[in-house]
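I have placed the structure first, in the form of structure tokens, so that the comments after it can refer back to it.
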Amino acid sequence: MKQSDLHDLLIKDFDYYKEGKNAQYIPALSQVDPKQLGIALYNLQANELQTCGIPEKSANVRFAIESISKVPVLLLAINDNGLDGVFSHVDAEPTGFSFNSLLNMQIEQRKYPLNPFVNQGAIVVNSLLKGKNSDERFARILDFMKEIFNDNDITLNEEVYHSESKTGDINRSIAYYMKGNGIWNGDVEDVLDSYFKQCSVNVNAIDLANLGALLANGGVAPWNGKRIVSEESATIVKSLMLTAGLYDESGDFSMRVGVPTKSGVGGGLMSAVPGKYGIGIFSPAIDKPGNSVAGMKLLHDVVQELNIDIFA
Ligand code: GLU
């Protein structure tokens with residue numbers, strides 16, 4: 001896309017941040033400046049990365065990955081255990097409840113968590129990783145993220161991690177509920193520690209565009225031609241992103257925007273448009289379900305402009 005056209009879309013959508021609010025339940029996220037909108041577009045056909053931001057360098061700003069971490073951790077768990085080894089512990093059904101709801105499990109008396117992108121499922125998936133404790137699992141997550149995001153500077157945001165850990169009582173309830181009901185049999189505090197850490201890794205919009213491009217490219221990193229995950233894993237993850245990537249707003253988003261996307265409450269959006277584009281967006285103010293308000297508007301407009309809605 002012409003740089004000036006992309007910039008015009010950012011100008012058009014920037015003010016939507018006013019309709020959202022930074023995540024308040026994690027104190028470190030509430031402090032981030034909401035007046036930021038950055039995008040990175042990885043065009044697979046041209047093998048080119050384009051960025052744009054208001055302020056200008058917003059695509060390079062680092063922010064907490066939060067729920068988008070559920071994608072690389074799921075891919076690593078599949079690499080470790082195979083597809084059956086993961087999906088014999090977690091289902092792949094969408095949810096009409098919030099990402100940290102306990103109600104769905106109670107109402108439906110589920111045997112397994114609904115899907116890997118709600119917190120119940122993500123906690124179970126983290127526990128499936130090879131590694132005998134939180135330190136070992138998290139060291140592997142960080143190495144894998146560096147590879148899959150093509151970014152050696154990825155680090156843990158200690159402030160967000162301490163904030164998550166200190167205020168993570170709902171996640172503790174979810175984990176103890178699963179354990180108490182025989183849904184899962186892990187070491188709650190140890191697994192939550194690596195779960196809080198996976199959510200607290202700092203990334204930028206360029207990293208997210210790279211992961212989107214790798215998924216759009218069937219699991220092969222387009223920047224060096226190396227296969228990092230199987231084609232089948234990439235396909236499955238894209239399907240899950242479409243049905244469950246934006247929490248209980250996934251259906252509406254898929255109808256309006258039509259590209260597989262995963263969001264995080266840090267304000268990130270990561271999209272994979274099969275065979276065409278990886279897209280990363282950052283704007284910290286989110287709506288009630290937990291998705292970046294200006295980010296979703298911008299993604300909608302970019303998808304329309306490039307004519308890449310997968311259903312169109
Ligand atoms: N660390 C957050 C939590 O578990 C992740 C939520 C998100 O991005 O949806 O509550």
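Note that Cβ sites are derived from N, Cα and C of the backbone, with glycine treated the same way.
According to TrEMBL, the feature substrate binding site maps to Ser67, Asn119, Glu164, Asn171, Tyr195, Tyr247, Val265. DSSP classifies Val265 (substrate binding site) as coil under the three-state reduction. The Cβ neighbour count for Val265 (substrate binding site), using a 10 Å radius and every protein chain shown, is 26.
Close to ligand 1, meaning a Cβ under 6 Å from one of its atoms, are these of the binding-site residues Asn119, Asn171, Tyr195, Tyr247: Asn119, Asn171. Maximum intra-site Cα distance, substrate binding residues Ser67, Asn119, Glu164, Asn171, Tyr195, Tyr247, Val265: 19 Å. In sequence order, Ala122, Ile123, Asn126, Asn171 constitute the residues six or more apart from Tyr195 (substrate binding site) in its chain with CB-CB distances below 8 Å. Highest local Cβ density among the binding-site residues Ser67, Asn119, Asn171 belongs to Ser67, counted as other Cβ atoms within 10 Å over all protein chains shown. Tyr247 (substrate binding site) has a Cβ environment of 25 other Cβ atoms inside 10 Å. Neighbour list (Glu164 (substrate binding site), Cβ cut-off 8 Å, at least 6 residues apart, same chain): Ile26, Ala28, Phe196, Cys199, Ser200. A helical conformation is recorded for Ser67 (substrate binding site) in the three-state DSSP classification.
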